[in-house]
Structures are given as C-alpha cells and as structure tokens.
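One structure below.
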Amino acid sequence: MSPYALSMLMSSLAVGTIVTLSSHHWFLAWMGLEINTLAIIPLMTKMHHPRATESATKYFLTQATASALILFSTTINAWMTGEWSIMNMTNPTPTVILTLALAIKLGIAPFHLWLPDVLQGLNMLTCLILSTWQKLAPMALMMLTSHQLNTNLLIAMALMSTIIGGWGGLNQTQMRKIMAYSSIAHLGWMILVISFAPSLALLNLLIYLVLTSSMFLMLMTLNSTNTNKLSISWLKTPTLAASMMVTLMALGGLPPTSGFLPKWLILQEMTKQHLGTLSALMAMSALLSLFFYIRLSYTISMTSPPNISNSSLTWRKKKNLTYLIPILIIMSATMMPITPTLLLLN
C-alpha cells in the first residue's frame with residue numbers, strides 16, 4: 001500500500017475516534033463511528049487475499065448493522081425527548097436498542113461471532129488496530145451513557161462474554177482467534193462494572209490495551225500465527241519468549257502482574273454491591289481463560305526441541321514498532337504496586 005494512502009487511512013482512524021470522543025451530539029458521534037469503519041476496511045483488504053476480502057465484508061456488514069441501530073435508537077430518543085444530547089437517554093426502549101448496538105460494535109456476547117472470523121483473515125497489524133483502537137469509540141459511548149443503560153442486560157452480557165471468551169479459546173490453535181476470544185472475555189469484565197464504577201471500567205480498558213498491544217507486537221516480531229510456530233520461538237529469541245509468558249500470565253489475571261489489578265478491584269466492587277454469586281461465577285469463568293493462557297505458556301517453554309530445529313527459520317528483519325515492546329512488557333508486569341494510588345484516586 002502507498003505510504004500516502006496508509007497515512008491518510010490512519011489519520012482518518014484517528015479523526016473518527018476523536019470526533020466520537022469529543023462529541024455531545026448523537027449525530028456527530030455516529031459520524032465518527034462511520035469514519036472509523038470506512039477507514040479500516042481498506043487496511044483489511046490490502047493483503048489481496050480472498051480471506052481478507054471475506055473478513056472485510058463481514059466486518060462491514062456487522063458494523064453497518066450496528067450503526068443503523070445506533071441511528072435508529074437515537075432518532076427514537078430525539079423524537080421522544082426533543083433533543084440529540086448523548087447524556088439524555090431516558091426512555092428504556094432506545095436505551096436497550098443502543099446497548100445492543102454498542103455490543104455488536106464491540107463484539108460482546110451474544111453478538112461476538114464476527115470477531116474471531118474477521119481477525120483470522122487479517123494480518124497482525126490490522127488485528128492489533130481492530131482489537132485496541134477500534135474499541136475506544138464504542139466503549140467511550142458506553143461509558144458516557146453507563147448511568148442510563150439497563151444494568152441487568154449488561155450483567156447478563158458480561159457473564160456470557162466471560163464464559164464464551166474462555167470456552168471458545170480452549171480448542172483454538174490459531175493465535176489470532178485466541179486473541180479474539182481473549183478480547184471477548186476482557187470486554188465482559190469491562191461492561192460488568194461499567195454501571196457501578198465507570199472509572200474501574202476505564203482502568204480495565206487501559207490495562208487491556210497495554211496487554212493486547214504487547215502481545216500482538218511480540219507475535220509480529222516472532223512471526224507466530226499459530227501454536228506450532230510459537231513452540232519454536234524459544235529458539236529464535238529466548239528473552240522475548242520469556243517475556244511473552246509473563247504477558248500471557250498478565251492476560252490471565254495472575255498476581256503480581258498488572259492483569260490481576262482490574263479483576264481484583266472489579267470483584268471487590270461487585271461484592272460491595274451484594275452480588276456475591278455473580279462475583280463467584282465471574283471468578284470461575286476467568287479460570288477458563290487462564291487455562292488456555294497457561295497452555296500457550298507451556299507451548300512456548302516446554303515443547304521446544306532439545307536441539308536446533310531442522311525446519312527453516314523465518315528471516316528476522318527489524319520491525320518498526322520493536323522499540324515499544326520493552327515498555328509495554330514492563331507495564332504489563334509492574335503496574336500492580338500502584339494499586340494504593342489508584343484506590344485513592346477512585
């Protein structure tokens with residue numbers, strides 16, 4: 001792809017998200033979401049492969065449906081209230097439609113089926129953008145309207161997302177599908193607490209962005225798209241393979257890594273809200289995700305051959321984003337000690 005076209009598309013992605021984040025009018029927010037969708041589709045199809053075209057088509061149809069529902073719900077709300085303000089979603093009918101539309105945008109269960117298939121047909125850089133940057137605008141709208149959304153609906157979708165995100169990743173061998181199910185599970189934790197403490201949902205989103213970005217950048221550096229290629233990563237770069245194990249444990253939520261911090265605070269908040277049974281179910285569903293993270297760690301560390309592999313190794317060229325990896329790995333592993341400070345801010 002031409003550098004000029006790439007820079008224009010990346011600028012459009014940034015502009016679309018910024019327009020949505022800074023808008024108070026529903027039509028402007030919808031317009032930012034549309035700019036986002038239209039800017040990433042050429043990035044998806046730049047591989048000129050039928051699978052990439054299929055992924056772009058699925059993504060476009062899903063996002064177009066969600067955008068139509070958002071416009072429909074906000075039009076009904078404007079018809080009932082007489083204004084287009086984002087903070088004024090008082091009627092239950094457009095609020096439920098808006099919740100479902102944002103769930104489709106984000107890939108939250110039961111509207112998650114498009115996400116693993118779309119990611120599987122893309123390259124790692126586009127998967128990184130789709131799993132991180134494209135979540136910002138819909139999640140911002142959900143946080144802005146969190147005090148007006150249906151709490152029971154959000155809790156049901158959150159529990160379903162964590163269970164499906166853990167269960168779906170158990171039998172996967174493709175890294176992109178595993179990261180898709182990981183994204184679904186993490187989004188479940190975010191929308192669980194978004195009605196009770198939006199600041200905790202924002203903290204979870206920030207840590208999710210750090211962990212997912214570091215994981216995708218390491219997979220890009222090692223050129224590992226499935227577990228078989230991941231098993232020989234120890235022979236290529238032992239330090240990076242060890243760092244990947246730490247990041248996987250952080251994604252699973254094991255202490256003392258950064259991934260334990262949001263889960264601990266969210267379960268604490270749910271207990272304060274007298275939702276003990278829900279907290280127990282969420283904690284048990286997190287074990288499903290932890291299992292396939294541990295399985296990947298086992299693949300990296302324990303299944304490498306005792307001598308150098310006879311297969312031809314991929315050429316290790318320098319990546320443009322390699323300098324970000326050490327920073328993201330350090331943030332993935334060492335944010336746990338700042339918990340008291342975050343509690344004071346909260």
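Any Cβ shown, glycine's included, is placed from N, Cα and C.
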121-145, 321-345 - the one TrEMBL records as transmembrane segment = 321-345
Range annotated as transmembrane segment in TrEMBL, from 3-23, 234-254 = 234-254
Looking at the candidate ranges 153-171, 172-190, report the one that TrEMBL labels transmembrane segment.
-> 153-171
